[in-house]
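Chemist: Attaching a single structure in structure tokens format; questions to follow.
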Amino acid sequence: MESYHKPDQQKLQALKDTANRLRISSIQATTAAGSGHPTSCCSAAEIMAVLFFHTMRYKSQDPRNPHNDRFVLSKGHAAPILYAVWAEAGFLAEAELLNLRKISSDLDGHPVPKQAFTDVATGSLGQGLGAACGMAYTGKYFDKASYRVYCLLGDGELSEGSVWEAMAFASIYKLDNLVAILDINRLGQSDPAPLQHQMDIYQKRCEAFGWHAIIVDGHSVEELCKAFGQAKHQPTAIIAKTFKGRGITGVEDKESWHGKPLPKNMAEQIIQEIYSQIQSKKKILATPPQEDAPSVDIANIRMPSLPSYKVGDKIATRKAYGQALAKLGHASDRIIALDGDTKNSTFSEIFKKEHPDRFIECYIAEQNMVSIAVGCATRNRTVPFCSTFAAFFTRAFDQIRMAAISESNINLCGSHCGVSIGEDGPSQMALEDLAMFRSVPTSTVFYPSDGVATEKAVELAANTKGICFIRTSRPENAIIYNNNEDFQVGQAKVVLKSKDDQVTVIGAGVTLHEALAAAELLKKEKINIRVLDPFTIKPLDRKLILDSARATKGRILTVEDHYYEGGIGEAVSSAVVGEPGITVTHLAVNRVPRSGKPAELLKMFGIDRDAIAQAVRGLITKA
């Protein structure tokens, strides 16, 4: 970064005037909406003015230009001042600000990416810095470009552990292109923030996490200009002492005003007071960026060759995932992998070995890992694949939920699903993950049952919009598909069929192989079953399931290494509900499990081949 050059008095006054216009716009918009957070906006007015009209480099009419500096408003409830900034910059019409929070407007109560100037949705506090870290990592290590990343946080969200996961990450990877601005306005939503204005403690905490930390008067444009101009070979935290509701007489630094717009008469009076302080209506033009970000194309990334498995050979789908991802990495240098210190279990270590510069170790911080991936994926710069035990993704559910709201394209691979992992016990067993991922808007849920299907799932996920989840298993199972088998999202496979099938059995992963073993047992009794592999649990192949059910006297049996709630059984039941003559019977894990050998646990919880065979017999006997 350039060394600091103090702005002249004319520029400093122009920044003060800009800050006050931003205050006025925030008050007007929230009063017109009848809701919103004007006091949270007013504490950040000088910060936003200096950032956007002195420090940042961007094209004001092209907010998502890849060369632009990035900005993340982690304290998303201050959205009105972000909108005011883009009106001040000339991208939004001033009149549009008065449509804040209306159903007809794109100016939601918190930032969302239908706004061209918003890369990631915020509002669930504590997540913005992680996304900013992903952007900064991408800028420094993948794009090798000069754009910088700025993230504005509130002091309330500094109680979130995910913030400190991100602080640690930025320090470990020396993200000297990242600046976090802490808006220390003293007051939270219902009470003062725990440290209030103990600025030295904030500084010590940031420094302890390896950041260069600068305390400033957050309402002094001169101090802010100087702080933003201080370059260090480490991430920088600007700790700004501010006052909530700054400039609003009778409200500034007062409790009980969070999330409350000013009444109309009061707003008019306050606006007049603030307006009287503005010396010039002249607006400051944005400074254009240095154009050195490379062109990137992540469309239609394909495997360089077909799978190379042999039918009957055994491999765990978790290992097949690692091999597939490493292989796909040769097709595009924008495929990246992230892991939460489980790479020797998820087998993402294979990717690391072949593409070390594109592997990001996120350590045991799953929430931050998801946020990093979201940041890396912004502006279509990379195609991220995150991996950890599927059980540990449940810790990051809010980040995953917000990724969907962010319209992010990220891929998550969860290994060690179900009781079939064996001796490690219930804390490591993912038994809720299908329910979680199925509930996420924009999600696609892959559940491959062999190495070939896993490789195809990885390739499809890389080219599928939204949140993709790939569920992989620990046990080794046989390859059942030929290498040239075609797989598509939403298309199931009939793995076993005959003209005399009496029950359609649907399983995935380990339970698909148990279903095939059950078919062999039943064949000795002259009972034939049709076995379906759904491949994707969301979307589900409703047509094939219905056709198969009708061909087997309307009988469907689902079997899954997952709890009853929200898994394959409920997905299938939802797909066929209302269809006459069709019944669905479920086999699933019905209680908290325990340690044991995989085969023992499958038997204990009634999802092994014997349980499937017994259930089939029962269905036939009922007829």
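Each residue, glycine too, has its Cβ placed from N, Cα and C.
Copied straight from Swiss-Prot:
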MOD_RES   S3  phosphoserine
MOD_RES   K6  N6-acetyllysine
MOD_RES   K11  N6-acetyllysine
BINDING   H37, H258, R318, S345, H416, D424, R474  substrate binding site
SITE      H37  site 'Important for catalytic activity'
BINDING   S40, H77, G123, S124, L125, G156, N185, K244, H258, F392, Q428  thiamine diphosphate binding site
MOD_RES   S104  phosphoserine
MOD_RES   K144  N6-acetyllysine
MOD_RES   K204  N6-acetyllysine
MOD_RES   K241  N6-acetyllysine
SITE      H258  site 'Important for catalytic activity'
MOD_RES   K260  N6-acetyllysine
MOD_RES   T287  phosphothreonine
MOD_RES   S295  phosphoserine
MOD_RES   K538  N6-acetyllysine
MOD_RES   K603  N6-acetyllysine
Chemist: Work out the three-state DSSP category of K603 (N6-acetyllysine).
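Modeler: The three-state answer is helix.
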Chemist: Would you mind pulling the DSSP three-state label for K538 (N6-acetyllysine)?
Modeler: strand
Chemist: Comparing the recorded positions K204, H416, K603, which residue's C-beta has the most other C-beta atoms within 10 angstroms in this structure?
Modeler: H416
Chemist: Got a sec? Which of these binding-site residues, S40, S345, Q428, has the most Cβ atoms within 10 Å?
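Modeler: By the 10 Å Cβ neighbour count, S40 comes out on top.
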Chemist: May I ask which of the binding-site residues L125, R318, S345, Q428, R474 is closest to T287 (phosphothreonine) if we compare their C-alpha atoms?
Modeler: L125
Chemist: Enter the number of other CB atoms within 10 angstroms of the CB of K241 (N6-acetyllysine).
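Modeler: K241 (N6-acetyllysine): 20 neighbouring Cβ atoms within 10 Å.
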Chemist: Among all the protein chains here, how many other CB atoms are within 10 A of the CB of H258 (substrate binding site)?
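Modeler: Taking all protein chains shown, H258 (substrate binding site) has 17 Cβ neighbours within 10 Å.
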Chemist: Round to the nearest Å and give the CA-to-CA distance linking K260 (N6-acetyllysine) with H37 (substrate binding site).
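Modeler: Their Cα atoms are separated by 6 Å.
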Chemist: In whole Å, how far is K241 (N6-acetyllysine) from N185 (thiamine diphosphate binding site) when you measure between their Cα atoms?
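Modeler: So the Cα of K241 (N6-acetyllysine) lies 6 Å away from that of N185 (thiamine diphosphate binding site).
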Chemist: Determine, from DSSP, whether K241 (N6-acetyllysine) sits in helix, strand or coil.
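Modeler: Reduced to three states, the DSSP call for K241 (N6-acetyllysine) is strand.
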